[in-house]
Amino acid sequence: LIIKVVRIAYYLKMVAETSVVPANSQGPPPLIPSTRFTLALLVFFAFIIQYSQRINLPIGIVCMLNRTKPIHHNTLLDVTTELPNNMSIYYLNSSSSSSTTITTKIKKSPRIAKKKGFFNDKTFHWTELQQQLLLGGYWAGYIFTQIPGGWLATTIGAKWVYAASLGTSSFATLALTLMYMMPNTHFFLILILRFITGLAHGVLFPATISLWSVWAVPQERSTLASIGFSGTHLGTSLTMLIGGILCQHFSAGWVYLFSITSFLGFIWLALWTALTAHTPYHHKKISDREREYITSLTGSTGHKRTMSLASMPWKKIIKSKPIIALIITQSANLFGLFFFLTNFSKMFTELLRISPGNTGYILSFGFLLTLSSSILSGIATDHFVRSDVVTLTTARKMSNALTSFIPVFCMMLLYFSDHTTYRVGILAVLLFLAATGLGYGSGYVVNFADIAPAYSGVIFGLANTFASLAGLIGNLVAGLIIKKPVLEQWRKLYIIFGIIYLFGGLVYIFYGSAVPRKWATFQAVNNDTKPEKKTNDEVAMSTNVKV
């Protein structure tokens with residue numbers, strides 16, 4: 001890890017030294033240390049906190065469920081019927097039919113190692129449908145603030161959008177710990193808190209695009225943005241690891257998990273409000289040299305911009321085949337990713353019968369693979385495109401094909417994976433996570449800036465709305481299909497997700513592109529308001545790349 005940090009620091013230093021600056025400038029101020037680099041680190045930690053709060057329930061639910069007292073109903077709010085503590089349930093596949101028979105067996109409870117901590121263990125009785133509703137409640141809120149997030153960041157400034165987002169979600173996450181003191185589980189209260197968390201988090205990605213439009217010069221934008229977005233994968237990896245340890249070794253480990261992820265949000269909030277500003281013009285501690293360097297290359301005037309959603313060329317967006325193909329492939333990929341992100345822990349503990357602690361270790365390593373493949377694929381793609389080995393469109397199609405079709409193969413492996421073949425299941429999940437990173441580093445996530453740079457933020461928010469809605473639907477479908485934690489019922493989901501991944505990949509291969517739409521370039525937008533010809537750094541750079 002130390003070696004990787006040193007290499008990244010050296011790379012960032014080289015980027016800063018080779019940045020292009022205006023003719024009359026003294027030269028670019030160093031990237032490390034600088035105000036803009038500090039901002040990138042705070043964005044990095046913001047995404048760590050966002051993703052830790054996003055997946056703390058999917059991890060914590062493993063140690064929140066009472067599995068020794070099964071529930072014998074499929075409705076949402078029926079009274080539960082419990083078996084005695086010394087009875088265990090086994091699900092056996094009948095050899096005479098495709099149905100599943102249930103047998104009970106009296107046995108002595110196994111000796112369980114005593115857990116540590118300040119709390120006594122507390123678990124809840126939730127049906128599978130209730131579990132999926134709780135896991136999907138986050139996405140129900142997330143879908144409503146994607147498009148407004150970019151507009152709010154433009155209107156009131158990204159600083160306060162960020163602050164309101166993680167401040168609200170941290171309070172909602174801390175409120176989840178109240179479940180420990182409740183004599184009965186208030187299911188709808190928990191669902192509302194997860195909805196609020198998703199609602200708050202939905203603005204972050206669009207607001208980040210708005211933030212870097214005024215803080216990052218074109219020559220450093222990819223570097224600064226990649227630093228921030230890498231927090232998503234690291235936050236997921238760390239939460240998987242720490243959550244698994246807390247669940248395995250501490251009584252009511254979920255209480256610690258919710259508390260830690262909320263308190264980290266409050267600490268970040270204090271640093272964010274003290275060290276950041278809407279634009280370089282409003283920052284109190286930035287040097288005059290760095291302020292001039294940023295504003296001269298970004299064209300930022302320090303004034304809040306206004307943009308009407310009604311003024312966007314919606315007809316052209318809807319009629320553009322590459323944009324529709326991109327939205328479809330993103331929705332297909334995130335439909336699967338969002339579902340498995342909230343269900344990996346359940347799959348490992350219930351189907352593969354792996355302990356929560358080992359589940360945390362495995363998934364933590366898996367998301368490090370996602371981080372690595374994301375960064376390496378981006379670097380490799382840029383290198384091959386600059387070397388004229390492939391065109392940018394070909395590179396995007398190759399990355400999207402891999403990030404879409406490898407999961408299809410993984411669904412095939414998972415179809416045959418249970419506790420007797422758990423190694424195959426682990427391999428499938430690790431391969432799935434490694435392939436997922438390709439979409440972030442050189443696939444559909446970065447393709448929005450290729451084909452519609454002037455409207456990429458709003459179109460990304462629109463596409464992410466559809467993808468989040470698909471994630472919510474995935475949880476609802478799973479709640480309806482899965483009645484018992486057995487492979488036979490999970491196989492139905494694997495088939496559904498495999499078909500969706502295949503469809504998304506094929507659509508992009510036929511219609512995807514990295515060629516900018518003429519009406520969606522910065523030059524076209526600027527020429528709409530000023531007839532004279534204008535030069536734009538990003539458009540000028542893109543003309544040197546074969547697309």
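We number each residue from 1, going along the chain as drawn.
Placement of Cβ uses the backbone N, Cα and C atoms for every residue, glycine included.
TrEMBL annotations: computationally assigned, not manually curated.
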Annotated range (TrEMBL: transmembrane segment) out of 1-22, 45-66, 133-154: 133-154
The transmembrane segment (424-446) and the transmembrane segment (458-481) contact flag, 3+ Cβ pairs under 8 angstroms: no
Best-contacting stretch, by C-beta pairs under 8 Å, relative to the transmembrane segment (323-341) and drawn from 160-180, 187-215, 493-511: 493-511
Candidates 187-215, 361-380, 400-417, 458-481, 493-511; stretch with most C-beta pairs under 8 Å toward the transmembrane segment (160-180): 187-215
